[in-house]
């Protein structure tokens, strides 16, 4: 009997740097590449039309690239546990390959499939290629616990073995001795479905701002590297109005779906840096996006409650308000704050927003204004954001809501001043909120302050054509900062440790978040609504009080707390999330 192999695509939707697929092909007589439409995407999450379209485009591109190798993609609907026993028998499978999935749900699913494969006499190949590092080795190096500060994480990876270079792309030469059995009715049986076939109404759906697939990902990577003039002097580009728009060099959705190998990106950045800097060693900060990604993957891999507040050993238990009406206004871009509403409109229309825009809307929903749980915001991002990833999405929301990682609860984004500083003319607002197009720049971020005559000229009456602000930002943010302060002081007293949480004497110093203060942001009061400060809590691993704390319900931080120095400005202003550092993706 010949060697009949199957490679199961999940993430990792590419032919370049795919070690599991490459090894699966070696020595095989037949190869079938399958994608099962269910596990995470169609099953457990509410996924919006833009994300589905991106996935289907990825699958279409993968199928097109496999066709060039006289192969095809087999798209199969169902649950993996039901599908594979049938395929093992029907195709006489002897070998199955998969890319390692570090997320708890994925590990549980894969363990079940490996058990079924073993029972059927099928060899299973698992290789790491969605992350740069073996996350278990990072945790082992840290005494069995995931590092919960980025600085500690950097220290650990600096001790790791050098990264392996990407494996060669699957080409006709690689696959030449391996055939794919195909039938005339392949498209009917195994073709990539359309959005309509999946039940989506596509009337009025605009063209994709982010086309899915490996081909597009590699094109963008080359463009991305070409415009990296910042590498020469290693300076970050300054944020401006254009930064808020989708870039033809953006990479985050492609890394999330594995259309682009993170290792390829890493080594391309390294090569470019060495070329410009004459072979000097690149700093870790060059890889900002990739390393923050690894940081959150590492924190989440052994924590099935990572996306929940309750029962999550690294998350502070905060008594958030339940307010479905306010949540809906935020999610649908009806807050009455043009900056927030424009961001949420862009997210719903295009499936992507700039990382600092993510900071603004996350702060507004949680600790800044509405005091609604980060879990609710995370679910909205999971539905709408192309690059939403279970580990990174949950980690970002915990961080931005001051529920875990770095706590900086005095730092609050002003929903008027932050946007005005970024885009003084208001072009971004006019693009996504055309109802406000007629307002002059002076009032476009706070149109409720415009005299009635100006509102009439703009053909937009506040409270009629566009909503009034749903909250008083100055009052809400001041109240919420006090709430957060009390939570951390209570936690600090309970733990018998001091808490560093005070407004610095120099409000315009460079240690503040984005360097903003109440005094230098128009539209923000100086009484705390945008004040800078430090609420940093550093973690010391190996705390024996974890179980006791969980039972007490005060906190489920899971690690010791100690007052510490502020992070460096580089660390302090890192953007967290699927798009995680300014110089890395756009």
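Glycine too: its Cβ is placed from the backbone N, Cα and C atoms.
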Quick one: sort out which of 486-491, 498-503, 504-509 is the motif 'LIR 12' according to Swiss-Prot. 486-491
252, 355, 387, 388, 389 bind FAD in Swiss-Prot, but which of 289, 317, 408 does that record place at the same site? 289
With Cβ-Cβ distance below 8 Å and at least 6 positions apart along the chain, what are the contacts of residue 71 (phosphoserine)? List them in sequence order. 31, 33, 175, 180
Does DSSP give residue 247 (phosphoserine) helix, strand or coil? coil
Cα separation, residue 107 (ubiquitin cross-link) to residue 159 (ubiquitin cross-link) (Å, whole number): 26
Expressed in Å to no decimal places, the gap between the Cα atoms of residue 11 (ubiquitin cross-link) and residue 329 (ubiquitin cross-link) is 33
Cα-Cα, whole number of Å: residue 247 (phosphoserine) versus residue 485 (ubiquitin cross-link)? 38
Taking only the Cα atoms, work out how far residue 329 (ubiquitin cross-link) lies from residue 485 (ubiquitin cross-link), in Å, as a whole number. 27
May I ask which residues of the same chain, at least 6 positions away in sequence, place their Cβ under 8 angstroms from the Cβ of residue 107 (ubiquitin cross-link)? 101, 301
